[in-house]
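Below is one structure, written out as structure tokens; the observations come after it.
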Ligand code: NA
Ligand code: NA
């Protein structure tokens, strides 16, 4: 990172903040999901009445949690891959394969934004049972997650072609997250 | 030579699936093979809520679902989903294949689909593991698993019972262990999901006689010639009798099985008390004048 | 041609090391574009494939595992188990399998099982000098026991897909002995591999020490009793129990062991976010991929090929097993059961094979498919917890594949393994 130009470093800091915010929001949703399901059990068993909203609300939060966490995973490079070819290829070849991978991720994320938006519009008129909010709201997480992945995939492409070695190893603050389920590639 | 992809969430051989296949057969014969129907059964293309979006977007041509997933979109579908709206299965069938049914079918069009026909989704009743339900008072305080729908939640509240939502696959063990006191469904589901093993008392209250609907995507429809459109419409109407026949056989078979395996079929003494109890549900939805008119038409019909 | 686009794109991207979630997603995306389907259907399936309430057990069990590891629960349970059977060669592998068998009586999800037991055991095994690949493979294979030992949601799905002619009670009962047999064969395999690798044995510390460690670990062990008792007595459902595990883990670590501070809590939460979001994204894109397989009638094509062959029930079972293993390699369990049951079951019933027996075969077979790349949810979870790649796990998984195939063979060709117990219960 130190070799990079100052403007890149500034961008990196901004995106770090974005990524951390996304991670903390996902964590907050996980805690909220736990509370919802706990509340569901508590009210049914202890107070003897049931909430109809807890289940759909927890599921609703889960997709936000997954897409936010997945976007952070692109930046921190912890998604699972099956990289047979990378063992045999020389270093320079690896750079091209990684670029293709990031372009593939970018394409899919653009699809999430564009077609996620179509889904939001298509089903906005319908009401979700129990929660009463527009059915289309459940796809906003697809759009938001897609947008974050677009940003982080672009960052990787820019960094790599500016000469920053982002493929060497997992780019993680391991001290801050010692038990994170991070997966090293290669 | 166009293949129309159809979705049905029930497994192969189920009356609705067979009816859609029969419909496809008629379409194929009567259009001299210009159109055929490929039925993807068993929720291969997603759950009902998914397939509703797909048929609206033109990703699939034909869709057979219950009315539930349309309730939040086409408000007219709420009316036949109301508890005790139909006096009997015969009443439901005559209403839904008559002018009132056609009026509701027409209401689908602004939402990107053409309503073709209504099938019979059967009469749903309560079943319980410990305590029999013979009157409204028995329902008070019971925890019963229901479908995830506002009408159900409102109905259960009106009964003084608790609607307990949970995934279908968990219902069996939830009844067995007492997480819930029971659930509700039609005879075939009560039998095939094996809930009859753990909930022995089936109360014939028939709170819901819910039609199922067959629709075609408007995007696909607009590309079909008026002659073929007429053929498809008629084929759908003609498949209804077939579906009724298959459905009746299925119900009789399931009922025989559960009775044979020791389920008690409980008759309700005073059904009017159940009907009276759900009045708050009607008050809520009849606030809409259009729905109110529809409710009155159905109640007036024979 | 559509099939070539789907599988070609997938294999190509996988080879160049694209994250698996995106291999599946982009292959489906490209195929939808090629078929001129509205592509929004791919992203709809992505979303709805992961929006299933029962799937909440995945983040919850992983989260509870993270909390237990950080809060010292895991350490104490394993100290106790290790003092008990650590003096067997590779004893931690045995502890892992035994724990998985116990947990199998609580959960029906192999994915949740891999998350819970793996989250507990894998870091401990690594700390004690076991290879990460060994720990991951033992965990992912032992997790399959949960599918066989009741409760098992997949057996309910099977019964429903079969048009309801099969008793779930019978299916549940039928899974018990195959589940225990699977555990036994895995223990033997784990022992042999551990011997060959020279994994540690620990000296037997004496009964006083065992008793002491038991008392120390009791608050943690109680979690199993609470979950088991809670589910059995109807306080909560099986998938809700995963949430209770989170609460209980917090309770014990904060109040009893006093090991959990705010900082630890935040770190455990973030760890769970990282691990589970990745796994669940794969489940979502796999749903999109499966959607296209269904639209392209892949299962039906496979069946056509079967119809041409054989009249021998043993041969048919063999073929079906091979076919299911192949399909299970590429597809997830739930949709596989729903799609293939209505097609396979009439075939086997025509040959006089009991549907309950076939259900057990199918569950075990497709369960093995959860541990085969490219679409192997359980393996992904175990690898994520063990912090190794699927590739690294694959290099030493073969003895465990062998063991599971032996069990599959026994269960397939000796119907009594499955059918004896249900018959006993029904008194027929
Ligand atoms: Na289980
Ligand atoms: Na697999």
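If you go along the chain as it appears here, the first residue is 1 and each next one adds 1.
From the backbone N, Cα and C atoms, a Cβ is placed for every residue, glycine too.
Residues or ranges marked as domain 'TRAP C4-dicarboxylate transport system permease DctM subunit' in TrEMBL: C:7-417. As a whole-number mean, the pLDDT of the domain 'TRAP C4-dicarboxylate transport system permease DctM subunit' (C:7-417) in this prediction is 83.
The transmembrane segment annotation in TrEMBL covers C:6-34 (among others).
The feature transmembrane segment is assigned by TrEMBL to C:46-64 (among others).
TrEMBL lists C:97-122 (among others) with the feature transmembrane segment.
According to TrEMBL, the feature transmembrane segment maps to C:134-151 (among others).
Annotated transmembrane segment per TrEMBL: C:171-194 (among others), in sequence order.
Beyond its flanks by at least six residues, the transmembrane segment (C:210-229) meets 68, 73-74, 76-77, 79-80, 83-84, 102-103, 105-106, 235, 241, 244-245, 248-249, 252, 256-257 of its own chain at Cβ-Cβ distances under 8 Å. If you look up TrEMBL, you'll see C:210-229 (among others) marked as transmembrane segment.
The transmembrane segment annotation in TrEMBL covers C:235-257 (among others).
Annotated transmembrane segment per TrEMBL: C:278-294 (among others), in sequence order.
According to TrEMBL, the transmembrane segment annotation covers C:314-331 (among others).
What TrEMBL records for C:400-421 (among others) is transmembrane segment.
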_Contact call for the transmembrane segment (C:6-34) and the transmembrane segment (C:278-294): at least 3 Cβ pairs under 8 Å, seq gap 6+_ = yes
*Restricting to the same chain and to residues at least six past its boundaries, which positions have a Cβ under 8 Å from a Cβ of the transmembrane segment (C:278-294)?*
2, 6, 10, 20-22, 24-25, 27-29, 31-32, 41-43, 45-50, 55, 58-59, 111, 330-332, 335, 339, 375, 377, 380-381, 384
*With the transmembrane segment (C:400-421) as the reference, which stretch in C:46-64, C:134-151, C:171-194, C:314-331 has the largest tally of C-beta pairs below 8 Å?*
C:171-194
*By a Cβ-Cβ criterion of under 8 Å, what residues six or more beyond either terminus of the transmembrane segment (C:46-64) are in contact with it?*
25, 107, 109, 111-113, 115-116, 119, 153, 238-239, 242-243, 245-246, 248-249, 268-269, 272, 275-276, 279-281, 283-288, 290, 381, 385
